[in-house]
Each structure stands twice: as C-alpha cells, then as structure tokens.
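S.K.: After the structure tokens below, expect a handful of questions from me.
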Amino acid sequence: MDLFNAAILALIQGITEFLPISSSGHLILTPYLLGWQDQGLVFDIAANSGSLAAVMLYFRREVGQMLRGGWRLLCAPRAWRQANAESHLVLQLALATIPVGLVGLACKDWVATVARDPMIIATTSILFGLLLWWADRQGRCNNDGSALSWRQVGIIGIAQAFALIPGTSRSGVTMTAGLMLGLTREAAARFSFLMAIPVGILAALLDLKDLFAHPMQGDELYFLGVGFCVSGLSAYMVIHGLLAWLKRQTMTPFVVYRVVLGVVIFATLG
C-alpha cells in the first residue's frame, strides 16, 4: 500500500461510515474494482478508530453523560432501578449493542469470508436502500428521540445486527428502524451515531489481539497514522453535514445512490 491508496481508503471509510450507504461494502469493493491489494486488518483498525474518535469528539457532551451515567450505575446499587437521564442513556446503548455483539461473535467467520462477496453487497445495497426509502416516506416521523421505550431501543438494536452483512450499512439500517418507529430523521441519525460508540469500542477491543500480533515497522505506522487522521477528519465533517441535511431534506439521494451502486455491481460483475 502506498500513501495515495491509504489516503483514498481512509477517506472512503470516513465518508461512508456515517452516511447510510455502507462503509464496509465500499472498502471491500474499492480494492476489488481498482485491482489494489487488500489493505489488511491493521489498516482497517486504524481507519475505523479514526471514525470512532470523530463521533466521540462530535458527541463529546453525550460521551461525558455516558461516563457519568456508567459510573453512577457501578457505584449506586439502586441506580439500575432509578436511572437518571445519564444512566438511562447508558442502559439504552448497552441494550442496543447486545444483539450485534452476540450475532457478531456467532457469525464472525461467515461475515469475514462468505459475506464479502460483491453480489451480496449489491443485493443488500438495493434491498436495504429500498427499505430506507419506504421508512422515510411513511410520514409518521415526529418523535424527537427524547423518550425512546425499551421496546424501540431493542428493535433498533436488532436491526443493527443486520449491519454485519457488508452492503447493509450500520447507520442506514438503524436509521431505517428509527424512522419505522416514528423518529424524526435527525433523531434517528443522532441515536444511530451514538450507537456507533459502544459498537466501535467493542470492535476495537476484539481486534486488539490481532493488532498486537502484527509486528509494525516505521513506514507502516506512518500509513496507519494517515488512515486514522484522514478517516477521523472526514467522518467528523460528514456527521455535522448529515445532521444539518436531515433537518430539512430526505433520505432519497442516499437511496438512489444505493440502488444505482447495486445495479452497477450486478452489471459489471454479474
């Protein structure tokens, strides 16, 4: 991998991580279509860590609330039954993370091999894109997300598990579930982004053993630094831009992009 490849892949990761168009699908397809060598797990970890840092920085106020809420749950025996707003957010995100954690552990090998097929990416891109369009058009989205029920959180968490299939899009499928449950576009996106924090931390912890097992040299550390910084900066800008966009616009451009991408993959590789 050279510097140009590293910067392009990190830029793709940062842009697509929080747009409802699937970062994993794009990171698989880009080297495949351009004939590049696989970027490797360590680079993926660096780029994903950059995106994680971006969402934590953007929602630093909520991250502070989560830290205080988590500390309260650990230190106060009755906090589990009488959770304040901060503790409630921690419990909500924990519940939403359980399904993807369990499914990820059970299907890790399948996701890392069979599910990376471009035909699967094309299918999920179109299918879940159309579901996003339907959810966005149903017209009942008036919940600002301030009073999500445990049932709603559980449903969004189950939806997130489908994002393990490349091409589905974690942000896309969780926003779709949120819209189906009546959340506004902005509220669905905000909760989806907050859900990315525990999922990203969990994924990073699971990848630590692979990171430590891989001996790194000076040049490789430089590429990893580029991947982290480019991914983080672009992801931060996308989060800000998408939340502003969804205050007044629909999901239609992302749906069109997903369908066109799927059709192009089928036409090119089918």
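Placement of Cβ uses the backbone N, Cα and C atoms for every residue, glycine included.
Swiss-Prot feature annotations, pasted as is:
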| type | residues | note |
| --- | --- | --- |
| TRANSMEM | 1-21 | transmembrane segment |
| TRANSMEM | 39-59 | transmembrane segment |
| TRANSMEM | 87-107 | transmembrane segment |
| TRANSMEM | 114-134 | transmembrane segment |
| TRANSMEM | 147-167 | transmembrane segment |
| TRANSMEM | 193-213 | transmembrane segment |
| TRANSMEM | 223-243 | transmembrane segment |
| TRANSMEM | 250-270 | transmembrane segment |
S.K.: What residues elsewhere in the chain lie close to the transmembrane segment (1-21), defined as a C-beta under 8 angstroms and at least 6 residues from its ends?
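M.R.: Result: 27, 30-31, 36-37, 39-40, 43, 46-48, 50-51, 54-55, 125, 132, 169, 171-172, 175-176, 193, 196, 223, 226-235, 238-239, 242, 251, 254, 257-258, 261.
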S.K.: Under 8 Å for C-beta pairs, could you tell me which stretch among 193-213, 223-243, 250-270 has the largest tally with the transmembrane segment (147-167)?
M.R.: 193-213
S.K.: Honestly, do the transmembrane segment (114-134) and the transmembrane segment (223-243) touch, with at least three Cβ pairs under 8 Å and pairs 6 or more apart in sequence?
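M.R.: Result for the transmembrane segment (114-134) with the transmembrane segment (223-243) is no.
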S.K.: Six or more residues beyond either end and a Cβ under 8 Å away: which residues meet both conditions relative to the transmembrane segment (87-107)?
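M.R.: Distant Cβ neighbours of the transmembrane segment (87-107) are 62, 65-66, 69-70, 72-73, 79-80, 148, 150, 153-154, 156-158, 160-161, 163-164, 194-195, 197-199, 202.
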S.K.: Is the transmembrane segment (193-213) packed against any residues at least 6 beyond its ends, judged by a Cβ distance under 8 Å, and which are they?
M.R.: 17-18, 41-42, 45, 48-49, 51-52, 55-56, 58-59, 62-63, 66, 89, 93-94, 96-97, 100-101, 156-157, 160, 170-171, 174, 239
